[in-house]
Amino acid sequence: MIDNAIATTGTGVVAGLGYAPALWVKPAPILPHSTDAVVAEEAREAEIARWKAAVETVAARLAARAAAATGAAAEVLEATAALAADKGLQRTTVKLIAAGSTAEAGTVTAIAAFIAKFEKLGGLMAERATDLGDIRNRVISALLGLPEPGVPTPLTPIILLAEDLAPADTATLDPALIHGIATRLGGPTSHTAIIARQLGIPCVVAAADLADIPDGTLVLIDGAAGTVAVGADPAEAEAKVLTDAARRKAVQSWQGPGRTKDGTAVEILANVQDGAGARAAAQFPAQGVGLFRTELCFLSAQHEPSVAEQASIYGEVLAAFPGQKVVIRTLDAGSDKPVPFVAHPDEENPALGVRGIRLGNADQGLLERQLDAVALAAEQQGVTAAKVMAPMVATIDEARNFAAACRSRKLSPGLMVEVPSVALLADAFLAEVDFMSIGTNDLTQYTMAADRMAPSLAALTDPWQPAVLHLIRLAAMAGASAQKPVGVCGEAAADPLLACILVGLGLTSLSMAPNAVAAVGLQLESVTLEQCQRAAVAVLRCTTARAARATARELLS
Amino acid sequence: MTTQTVVVGSPVGLHARPAALIAKAAGAYDEEILLVLDGEEADAASSLMIMTLGADFGASVTVESENADAVAEIASLIAKDLDA
């Protein structure tokens with residue numbers, strides 16, 4: 001019998017399990033409220049000695065941590081240690097204490113003066129203000145005999161608990177010792193989440209009841225489920241963690257290319273939004289780009305970027321995947337994602353308004369110039385028949401006009417399947433273009449008539465909804481009979497289990513966030529095409545999303 | 001008193017790493033070494049004081065000290081790209 005009580009549930013941001021004692025990031029000390037107290041003249045020398053001893057302690061601790069660290073972390077710590085022992089800081093503080101300040105007040109006043117100067121200088125200098133604040137907190141804690149504030153340096157593995165982590169806290173996180181991170185605040189894009197993802201540490205953020213877990217409690221963190229549990233059976237928890245660690249290691253070493261156990265090829269591609277993102281994606285075992293969102297270069301621009309400017313941005317993405325597939329999606333903007341230089345009408349319901357290809361009704365030139373830029377980039381990069389697809393297509397006429405505009409520039413036209421009308425008439429749409437790609441997020445929102453941004457409708461905006469899966473099947477069947485590629489480029493493709501169902505339905509490519517590529521590739525490699533097809537048939541018979549998910553799990557794992 | 005005026009050679013200006021390297025070198029001398037920019041003085045042995053000058057790439061900084069060797073060494077450091 002396991003007493004596996006869930007202590008708190010938050011948002012899981014880095015999948016993986018960790019089991020170790022909890023250790024809290026120690027809060028910053030409370031700074032002295034007033035700096036007015038005057039130390040008697042005869043005690044001032046002793047006060048200066050007390051201050052010097054505290055600074056030496058702080059500098060020595062930082063130097064010891066620097067010696068134990070390597071690379072960038074060691075450099076950061078060495079620099080902080082040098083700053084703590086800085087001669088100018090010492091002179092300023094000693095002068096204040098010699099004039100009667102307490103050591104605490106002198107520290108606060110001296111560092112506040114430097115912080116004010118740096119903030120006034122701005123830019124890079126302002127970043128030093130954070131370092132000085134960190135040093136001030138360490139010195140005050142040492143003066144008051146409090147534990148060192150900030151991230152503790154454990155000797156054995158721990159699960160790190162914090163309100164939220166600051167950049168300075170994360171410079172020295174060691175994945176060998178930090179087996180999990182849970183924070184009470186923060187979100188999926190917080191600094192904590194970004195660092196945990198980089199380091200591959202299981203992480204849960206926004207776990208509201210975290211404060212109830214004291215230091216030393218054995219906790220089991222599940223970064224996929226977003227749970228932090230206490231009271232797990234130790235043997236069972238450790239076995240689970242070992243299995244999970246082996247799985248994560250296998251994911252890390254997966255190299256591609258995508259295929260099922262029996263060798264059926266499935267293209268596993270990355271979604272990107274600019275050149276930097278494409279270069280980062282190329283570090284993952286992705287076989288190309290299945291969705292290049294071109295919005296980014298428009299959303300931040302006050303004026304429409306020229307054809308040459310656009311071509312240079314598109315060229316960067318093409319260059320990141322030389323000789324590989326890159327699908328460029330034309331501008332997908334609307335009144336919810338407004339582009340500054342396009343007049344968007346006031347809309348009651350922007351998700352159903354003038355978006356994507358429909359912008360052409362307002363300004364056909366915008367699309368023409370974007371296609372010119374893609375053609376120019378393709379020519380510069382030596383890419384023939386570059387793939388371009390249009391978002392929010394709903395009618396055959398839109399598809400036909402888009403295809404003609406692409407073909408006149410020797411580009412290969414494709415469509416996004418987002419509006420259910422395209423899935424329902426997939427054969428007719430596919431006759432107009434060379435390929436289709438299913439945007440599962442929008443297809444789900446339009447099929448279920450549920451706003452994908454509304455958290456209370458999450459059960460409806462679930463790609464496992466049977467009606468959505470049936471529409472995906474229609475598109476896949478059209479692809480098979482026309483012998484044209486039909487893939488998926490939405491969140492659904494990043495779910496390893498659903499990815500197998502999509503392959504079973506007959507889709508030929510899966511495009512996802514770059515960091516999901518390896519987990520999906522590994523899962524596909526563990527099943528045969530026949531298994532996927534059988535599971536897909538079984539899932540299509542399910543009448544609820546929950547049953548669909550359970551059926552897939554049973555048949556595929 | 002020896003003085004020498006040089007142009008800052010580090011593209012980031014006399015910021016974190018360059019300031020720390022200059023302070024370390026200046027700390028090795030017993031004599032006081034001052035950096036002067038636009039009438040503002042800073043102790044060259046303190047990286048914090050150096051940074052408060054806000055000396056950008058290309059700024060002209062004057063080094064002053066009783067020790068001529070110290071002036072020569074610190075001036076040559078300022079002229080270098082210390083962030084490379």
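Note: Cβ is positioned from N, Cα and C throughout, glycine not excepted.
Note that the structure is a prediction, hence the values are computed from the model and not measured.
Of the residues A:R247, A:R248, A:R329, A:R400, TrEMBL places A:R329 in the same phosphoenolpyruvate site as A:R293, A:N441, A:D442, A:R452. Looking only at the binding-site residues A:E418, A:D442, the densest Cβ neighbourhood within 10 Å occurs at A:E418. Summary for the recorded positions A:R329, A:C489: the Cβ-based neighbour count within 10 Å is maximal at A:C489.
The average pLDDT computed for the domain 'Phosphotransferase system enzyme I N-terminal' (A:9-128) is 87. DSSP classifies A:R293 (phosphoenolpyruvate binding site) as strand under the three-state reduction. Sequence-distant neighbours of A:R452 (phosphoenolpyruvate binding site) (same chain, six or more apart, CB under 8 Å from its CB) are A:A351, A:N441, A:D442, A:T444, A:Q445, A:T461, listed in sequence order. Summarised by DSSP class, the composition of the domain 'Phosphotransferase system enzyme I N-terminal' (A:9-128) is 79 helix, 14 strand, 27 coil. Across the domain 'PEP-utilising enzyme mobile' (A:158-226), DSSP classifies residues as 18 helix, 19 strand, 32 coil. The maximal spread of the phosphoenolpyruvate binding site, taken as the longest Cα to Cα distance among A:R293, A:R329, A:N441, A:D442, A:R452, is 20 Å.
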